[in-house]
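Feature annotations, reproduced from Swiss-Prot:
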type: ACT_SITE; residues: THR2; note: active site
type: BINDING; residues: GLY157, CYS160, THR163; note: Na(+) binding site
Amino acid sequence: MTTIVSVRRNNQVVIAGDGQVSLGNTVMKGNAKKVRRLYHNKVLAGFAGGTADAFTLFERFEAKLEMHQGHLLRSAVELAKDWRTDRMLRKLEAMLVVADAEASLIITGNGDVVQPEYDLVAIGSGGNYAQAAALALLQNTELSALEIAEKSLTIAGDICVFTNQFKTIEELNY
């Protein structure tokens, strides 16, 4: 699996991900980029799950963003509708975290769209560790969103065997 974490604070949103690709108990690659910029660099997206499945979802989500002029929530809901009705999409095993200047969302493997409660989202095998670390840092420090995302991903990588210390970090300032 992997760990993807998104943190929003003080007009900044960040999505960070590790680089480990595992096949069973074997590390196949350590420097995969699981975080990308979409729609004219105005949307950030990260994935956890099967790599090929995630690329399919990235392509579909980017098409929805183009169709809906970059409106994040509408694009996510339309992708979720497709996910529930398209046989091929229903077999994909991946989750997306997407964010723009206004919202952060999780698009789940069941075709659900969830907006987080605390301006932070974490998915993947190390997601719970990253989320706990990020929430503690959000509530008890004045660190930036970038610093919180980086530190929480480091903590997840120290605990989760399917998460490494190679980081891809993208940020939007608005």
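Each position is counted from 1, following the chain as shown.
Heads up, the Cβ atoms here are built off N, Cα and C, so glycines get one too.
These numbers come from a predicted model, not from an experiment.
Cα of CYS160 (Na(+) binding site) to Cα of the residue listed as 'active site': a span of 9 Å. Cα of THR163 (Na(+) binding site) to Cα of THR2 (active site): a span of 5 Å. In sequence order, GLY17, ASP18, GLN20, VAL21, ALA32, LYS34, PHE47, ALA48, GLY49, GLY124, SER125, GLY126, PHE162, THR163 constitute the residues six or more apart from the residue listed as 'active site' in its chain with CB-CB distances below 8 Å. Applying an 8 A CB threshold to same-chain residues 6+ apart, the list for GLY157 (Na(+) binding site) reads THR3, ASP18, GLY126, THR163, ASN164, GLN165.
In the three-state DSSP reading, CYS160 (Na(+) binding site) counts as coil.
Residue density at THR163 (Na(+) binding site): 29 other Cβ atoms are found within 10 A of its Cβ, drawing on all protein chains shown. Around CYS160 (Na(+) binding site), a 10 Å sphere centred on its CB holds 21 further CB atoms from the protein chains shown.
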